[in-house]
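Visitor: According to TrEMBL, the active site, proton acceptor annotation covers Glu313. Marked as Zn(2+) binding site by TrEMBL: His312, His316, Glu335. For 67-202, the entry in TrEMBL reads domain 'Aminopeptidase N-like N-terminal'. The domain 'Peptidase M1 membrane alanine aminopeptidase' annotation in TrEMBL covers 236-468. Marked as domain 'ERAP1-like C-terminal' by TrEMBL: 546-852. Residues annotated as site 'Transition state stabilizer' in TrEMBL: Tyr399. The transmembrane segment annotation in TrEMBL covers 887-904.
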Amino acid sequence: MPSKDTTNDEVMTSKDWREQRRWKLPKTEKDGINRVVVVSTRHVLPTASYSSNMLTAAANITVRMNSNTIQLNNSNPLEFNTQYSFAYINLMTELVPNNQYEVTITYKGPLRTDLNGFYRNYYLENGVKKWLGATQMEPTHARKAFPCFDEPQLKATFTISIDRPSTYKNSLSNMKMQSSMDLGNGYVRETFYPTPRMPTYLVAFLVSEFEAGQYRNGTQEFGIFSRPEAKNQTLYAFDFGIKVVEELGSYFGIDYYSTNENIKLDHVAIPDFRAGAMENWGLVKYREALLLTDSDQTAPYFRYRIAQILAHETTHMWFGNLVTCHWWSNTWLNEGFANYFQDYITSLIEPEIGSANLLVTSSAYVAYAADDTPTAAPLTNDEVNSPAEISGHFGSITYQKGGSIIRMIHYLIGDDAFRLGLRTYLTNNALGSGYPNLLYAALDYAVTTQNSLSSYPNTTVADVMGSWVSQAGHPIIHVNINYNTDTVTLTQKRFYINAEHSSNEIYKIPITYTTGLSPNFNNTKPMFIMNDQSYEFTIANVSQTWVIFNVQESGFYKVNYDQRSWELIASLLKGQERTNIHHLNRAKIVNDLFSFLYGDEVNFSDLHNVLEFLSQEDEYSVWLAALRGFTKLRNSFLGNNDVLPQIESYILSFMSSYINRFGYVERQTDSFEDMRNRQQILEFACKLGHSGCVSQAEAMFKALRENGTEVSPSLRSVVYSTGLRYGTGEDYDFLWNRAKSTNLANEIWIILDVLGHTTNEEKLKRYLVSMTEENSPVRTQDLTTPLSSVLSNYSNLPLVMDLLKTDYASWASIYTTMDSVLSTVASNLRTESDFSEFEAFLSSCTECTDAAKTAARNSLQVARASKVWADSHEAAILSTFKNNSNTAIPSVLMLIISLAIFFIRY
């Protein structure tokens, strides 16, 4: 590994850029080394990386020890390993132990166009195309900008100089600008202060004509940058961004600006950016839609999303930048904390937007869904080595599960110990590498100092947290109560969505519960830790009331109850005391039951008996859980024309009651979550053909088209989608032109998501290849959006299949890889005829790569499993509908009443 004083010096220009790179190699510790390895993965030292289009000639490489040049092997100076991006520099003589060597590489590389490494991009300003140069290095793209030691634990300081056109604005990089010099040739050379010790993936720079919409000067520089025409959309990000960096600095006990005297913090909105955002130290980059807002035009979803992502990326200034995971196998040490604090810290700053709830209904629910198969990886995944494996590890396990486990530990040890533990971890390892054992040690130190685990004898954070980090999956706890003796028996096992799988993992589970005798859903301190497969204890007089486990979903586990307990819970939910159960526990009951249905832990009739309370439910969190479940249930029966209409009617019966109460338009009394809830329910109701929803949305769309009457931001996705589903090709053109002309990126996002909902076949075909049109609003970052949008309507599957068969080459020229395209199509197949047709296509496709076929067949296997489940459960579902026919199908009278109420109220 490089020594602590390793420095990387670079000189870059904005056109035909060149770099001379010098490395100080570590003192060698072994005899017999006669080559320098330029690589990109651990296990081989010393390490660095390359991109084959820049490192081709040995004449550009010099190796020195002090002033002595080490001769390269004349017959074989360079070797390459393309799988790992290794370049081997072979020497004529052996390296001498305990000496430091310097490697100098002079090279040039192209400005890329794939949004990775150092890439060029553009935006339109008054019809004129404006070019910019931006970067995206994480996780393994720095090697595409310059040869480097492209691994997270190999940190260095970077001094960056940029030659930019004099007509451009000041360049931006990680640090404050140190000097600027006019070169007299139409270029200005700008040099930035050296960075702190950091990994290559955090290096960032921007050459553009961007301007600061908001900026705070002084010793704590902070700014929001964008293209000039979007400067008026930066105020919210500026205000919230300052609050979040201050709040996090206070929480972690390390002020951001104290880490380096030349540090600053800029947030930049990029018109075309592959990641949602990127935490480059001092120069954080975002997609425009996730940073810029218009207070009159931005939907509530984007206001939440912008706050969340600002908090996420700012958290990385400590977790990821100040202390970096030693290797990508433990990426959760970076991303898990960012995922947790994105909502936790936001809930402290702006509690009204509901971030505390979304820690559960967004993060935990997404994590559960990614974690319930035999192929789910543990948080610490030692099978992460190649660039492809590294990229694949940036998923829901690393992010959402990582955040959920951190949240569980926070509840277990309490806030004082949690704060102290994190401060200790960050302070002790500042500018170094993080390991799970270092985190555990810091938290255990804090626990000992605060005496916060005294209620749990012989318990350490390392033991508890380690059982969740090292093992894949999560548990389901079965609760069995002996109502004669008040004895409760808990049994745990790993939960699989497919009941055919089983394994013997044992998790150390913090157990919380409350009962109807003295309900307390605010006490999230665990009663005990369940260390074994089963645990038996007594709850006094539990036979007289209900009991609910996992208060506020403070633990990452599912709970299934015995039949009597479910009956008591269902009865409570249907009564006037329903709201005595915390809304997150009501949501948990719904989310768990849907999982249990697919995992064959409960029957559909059991699910139905509990879900009946939804007709009276108003909480966003509960409906979010319900709609997740209903969506999966409906998707399972797409293509089954006997069952699907009854399922859709069943779902509408619950939503109609809510719509009757809350109507179709925003009200002055609406909370932030009320607006989001109305949006999600109306989106689904209109999709299922709820007559009142459809007629109101069509009317709003017509008013927009004909009179310019703008739709409320929270309802635009509903209205735009419905206008297309029941409209014409002209309606598609109207929204397409709106996307091209609007200056608001999150408005474009909404439109692109729904354009595939049109029923006009020619427009669907056009949309699928719309990214090839001149000045298309579908940018490289949006490449997969048209296909996903079109396939959101199952009836469009034949059209997509026909185009794949007849014009595969055109598709392959648009997408950098067809793996995801074929996987997306395969995951939308539903019937045996779908499967047969697709398999026949794969078998006959000579242009399809083996990798694309493998990815497609993996998705096809999942789709087949869904069909098998649906077939085996169809009879039970239909029987439940028949036995509860009064709730299965909403009457026409109900829909008429719903429409009448709208006119009376509004």
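Positions of Cβ are set from backbone N, Cα and C atoms, glycine also.
Looking at the shown structure, what environment does each listed feature sit in?
Guide: Long-range C-beta contacts of Glu313 (active site, proton acceptor), restricted to its own chain and to partners at least six residues apart, with a cutoff below 8 Å, comprise His267, Ala277, Met278, Glu279, Val284, Tyr286, Ala338.
Sequence-distant neighbours of His316 (Zn(2+) binding site) (same chain, 6+ residues apart, CB-CB distance under 8 A): Glu279, Asn334, Ala338.
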Visitor: Relative to the Cβ position of Glu335 (Zn(2+) binding site), how many further Cβ atoms are located within 10 Å?
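Guide: Excluding its own Cβ, Glu335 (Zn(2+) binding site) sees 26 Cβ atoms within 10 Å.
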Visitor: Roughly how many Å separate the Cα of His312 (Zn(2+) binding site) from that of Tyr399 (site 'Transition state stabilizer'), to the nearest whole number?
Guide: 11
Visitor: Between the Cα atoms of Glu335 (Zn(2+) binding site) and Tyr399 (site 'Transition state stabilizer'), find the distance and write it as a whole number of Å.
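Guide: Computed Cα spacing between Glu335 (Zn(2+) binding site) and Tyr399 (site 'Transition state stabilizer') is 5 Å.
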Visitor: So what sits near Tyr399 (site 'Transition state stabilizer') in its own chain, CB-to-CB under 8 Å and at least six residues off in sequence?
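Guide: Expected: Trp332, Glu335, Gly336, Ala338, Asn339, Ser363.
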Visitor: Hey, what's the Cβ neighbour count for His312 (Zn(2+) binding site) at 10 Å?
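Guide: By my count, 27.
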Visitor: Other residues with Cβ within 8 Å of the Cβ centroid of His312, His316, Glu335 at the Zn(2+) site?
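Guide: Those within range, site residues removed, are Glu279, Glu313, Thr315, Phe319, Gly320, Asn334, Phe337, Ala338, Asn339, Gln342, Tyr399.
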